[in-house]
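For reference, the structure is listed below as structure tokens.
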Amino acid sequence: MQTTTRTLTQHKRIALVAHDSCKKNLLNWTQKHKEALKPHILYATGTTGHILERETGLSIQSLLSGPMGGDQQLGGLIAEKKIDMMIFFWDPMNAAPHDPDVKALMRIATVWNIPVAINQSSADFLLTSVLFEQDVEIDVPDYEGYLKERLA
């Protein structure tokens, strides 16, 4: 598939997601980085978003809870280029009923080439990157070209 570019502006649209056993870790991480996150537009799956907003005072756009379709909503926003990066504290030790949704979410994040952090260390690296506060060009699939090919 051909690619084109997309600009991630200095004010990022960031998805915050955590499995149940990791919500406290994500809350602690978010509290620690509250000032750095403030200028950005934050999204989260339902329960996580409500906890983060209540405990940090940050404005969070809460979607549905992950198992109720929130992971798929988030994937749709990624495909629509409405999410620039994702912080997803996931639990690799416990199976969840919505594991197929999580796999689909990670697949879409990979297809659309957005930066993804899957634990505290990678989230710290992402947030402290010199690119975090800048406009950044990323390669993304050329959907228009893909569609033209398919319809030819």
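The backbone N, Cα and C atoms fix where each Cβ goes, glycine too.
Per Swiss-Prot, the feature domain 'MGS-like' maps to 6-152; the stated evidence is sequence analysis. Remark: secondary structure over the domain 'MGS-like' (6-152) totals 72 helix, 29 strand, 46 coil, with classes taken from DSSP.
Remark: SER65 (substrate binding site) has THR45, GLY46, THR47 as non-local neighbours, by Cβ distance under 8 Å and separation of at least 6 in sequence. The annotation substrate binding site is assigned in Swiss-Prot to HIS19, LYS23, THR45, GLY46, THR47, THR48, SER65, GLY66, HIS98.
According to Swiss-Prot, the feature active site, proton donor/acceptor maps to ASP71. Remark: ASP71 (active site, proton donor/acceptor) has VAL17, THR45, HIS98, ASP101, VAL102, ALA104, LEU105 as non-local neighbours, by Cβ distance under 8 Å and separation of at least 6 in sequence.
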Message: Using the CB centroid of HIS19, LYS23, THR45, GLY46, THR47, THR48, SER65, GLY66, HIS98 as the substrate site centre, which other residues of the same chain sit with their CB within 8 A?
response: VAL17, ALA18, ASP20, ALA44, PRO67, GLY70, ASP71
Message: Highest Cβ count within 10 Å among the binding-site residues THR45, THR47: which residue is it?
response: THR45
- request: Using only the residues recorded as binding substrate (HIS19, LYS23, THR45, GLY46, THR47, THR48, SER65, GLY66, HIS98), report the maximum Cα-Cα distance in Å, whole number please.
  value: 16
